[in-house]
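Copied over from TrEMBL, here are the features:
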type: TRANSMEM; residues: 34-55; note: transmembrane segment
type: TRANSMEM; residues: 67-85; note: transmembrane segment
type: TRANSMEM; residues: 91-109; note: transmembrane segment
type: TRANSMEM; residues: 121-139; note: transmembrane segment
type: TRANSMEM; residues: 159-176; note: transmembrane segment
type: TRANSMEM; residues: 183-202; note: transmembrane segment
type: TRANSMEM; residues: 235-254; note: transmembrane segment
type: TRANSMEM; residues: 275-298; note: transmembrane segment
type: TRANSMEM; residues: 304-325; note: transmembrane segment
type: TRANSMEM; residues: 332-353; note: transmembrane segment
type: TRANSMEM; residues: 365-397; note: transmembrane segment
type: DOMAIN; residues: 404-494; note: domain 'STAS'
Amino acid sequence: MKNLLNLYDRSKHINYLTEILSGLTVSLALVPEAIAFALIAGLSPLTGLYAAFSIGLITSLFGGRPGMISGATGAVAVVIVSLAQSHGVEYIFATVVLAGMIQMLAGALKLGKFIRLVPHSVMSGFVNGLAIVIFLAQLASFKVAGENGELGWMIGDQLNVMLGLVFLTMLIIWGLPKLTKAVPASLTAILVVSAIVLGLDIDTRNVGDISSIKGGFPPFHIPEVPFTLETLSIIFPYAFIVAGVGLIESLLTLNLIDEITETRGKSNKEAMAQGLANVVTGFFSGMGGCAMIGQSLINISSGARARLSGIVASVMLLVFIMFGAEYIEKMPIAALTGLMIMVAIGTFEWASIRAIGRMPTRDNLVGFLVAGITVLLHNLALAVLIGVIISALVFAWENAKRIRARKYVDEDGTKHYEIYGPLFFGSVQAFAEKFDIATDPDVVIIDFRESRVNDMSGIEALNKITERYTRAGKELHLRHLSPDCLKLLKNAEK
């Protein structure tokens with residue numbers, strides 16, 4: 001149990017005060033986001049808050065990345081909104097349970113390790129796009145409903161007050177660490193700005209203006225849907241997308257936290273924990289979710305490195321829901337807006353801008369493309385998938401040009417082709433063009449000492465070149481084929 005929770009592992013130093021205060025900071029920042037994501041999905045605010053509690057608690061206890069925060073997310077909300085509109089909340093709960101099972105299966109099959117294959121250019125574009133999305137999302141805080149009910153930008157004193165409180169929050173978060181690191185700057189900023197607003201009775205929007213967060217303990221609830229193949233056909237496509245989006249976002253967040261903390265999380269363990277969390281959430285009236293990059297960065301930047309901070313954040317969120325709603329609802333939106341803007345600034349990889357002139361053009365293009373898709377479509381999984389596909393195609397194209405052949409005729413009149421570079425689907429055409437079958441002597445040797453046949457396309461290329469020499473009535477010998485290639489040849493003969 002000690003190693004599982006990592007709370008009392010004496011081999012690792014844990015600052016308990018920092019963990020508790022960081023968790024409290026995160027719990028305050030979780031409230032408006034969980035409410036907002038639930039509303040995006042067309043669900044009750046408590047559905048988002050319950051998801052933030054249960055997912056956050058389970059992943060903090062059993063996840064593969066201590067310090068990472070999970071909860072209800074916009075990525076999941078966007079996927080399930082159409083299902084909520086067409087079939088209702090009960091189908092959402094069933095979808096979340098099924099998505100969790102798919103994620104657990106992915107963890108059991110150890111598919112999480114493939115996230116390590118995401119190129120740096122894709123990660124950079126993803127992080128920068130995410131930072132821009134976080135920043136742009138805060139602009140909604142500067143809009144208010146007019147007399148006709150339509151949203152419009154704040155003006156006059158209302159705008160000035162909002163800007164002043166936001167900048168004060170940002171100033172505290174930026175300046176306090178330069179004076180002392182005894183308390184988290186984010187929590188201090190929220191408390192100071194809240195105290196000023198309440199003490200001076202400043203008229204500004206607060207959390208309560210979005211929605212009430214008053215509720216009880218999440219009730220156990222079996223989704224009330226028909227257990228039929230028709231139901232499965234309805235929820236499976238959504239569940240599969242939720243599982244995929246959740247895993248990609250969670251494992252990319254894990255990678256990001258790994259880089260920041262210079263440690264290494266366990267991707268397959270995290271996949272299992274995310275799946276378990278969603279299964280439980282679906283049975284406790286939650287909307288589902290995954291890792292939250294913004295909240296994770298708040299937690300890590302506050303100094304948290306262990307599981308305790310995530311546990312505290314989840315438990316305190318439940319306390320707010322059950323006992324402290326009237327106080328949390330008085331928290332000014334401006335303080336949370338300033339906090340998230342600072343998170344966006346800290347998330348953006350500023351070094352990537354300075355490195356543009358030194359990076360290969362293809363890497364720059366991939367980074368810009370991923371960032372652009374992230375910002376325009378708000379679809380993190382699609383952005384990463386497209387980035388990985390393009391990077392793979394570019395890699396294949398570059399390697400296809402590396403296939404070379406050194407040709408010479410020995411004293412016996414035998415023609416030798418020494419092949420260099422990988423032989424795979426991308427290089428088979430260039431490989432075939434290396435041979436002068438019509439003018440070659442009767443005996444030809446192709447030497448693969450410095451080459452490797454990587455796939456069945458390469459095997460097929462060998463078969464075709466062999467057939468061409470046979471039809472020409474010439475003797476062909478293949479030398480130094482790798483054991484992997486010989487295995488592929490044997491499989492092809494079956």
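Cβ from N, Cα, C; glycine included.
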Top stretch by Cβ pairs under 8 Å to the transmembrane segment (91-109) (candidates 121-139, 183-202, 235-254, 275-298) is 275-298
Within the same chain, the residues 6 or more beyond the ends of the transmembrane segment (121-139) and with Cβ under 8 Å of it are 252, 255-256, 293-294, 337, 340-341, 343-345, 347-349, 352, 359, 362-364, 366-375, 378, 380, 383-384, 387-388, 391
Rounded mean pLDDT within the domain 'STAS' (404-494) lands at 89
Reduced to three DSSP states, the domain 'STAS' (404-494) has 32 helix, 31 strand, 28 coil
Given 34-55, 67-85, 159-176, 365-397, the one sharing the most C-beta pairs under 8 Å with the transmembrane segment (275-298) is 34-55
Discussion item. Under 8 angstroms for C-beta pairs, at least 3 of them, ignoring pairs fewer than 6 apart in sequence. Is the transmembrane segment (183-202) in contact with the transmembrane segment (67-85) by that rule?
Written reply: no
Quick tally over 67-85, 159-176, 332-353, 365-397 of CB pairs under 8 Å to the transmembrane segment (235-254) gives the top stretch as 67-85
Highest Cβ pair tally under 8 Å against the transmembrane segment (67-85), stretches 159-176, 332-353, 365-397, lands on 365-397
With the cut-off at Cβ under 8 Å and a gap of six or more residues from its ends, the chain residues touching the transmembrane segment (332-353) are 28-29, 32, 124, 127-128, 130-132, 134-135, 137-138, 141, 161-162, 165-170, 173-174, 186, 189-190, 193-194, 197, 202, 204-207, 209-210, 293-294, 297-298, 301, 367
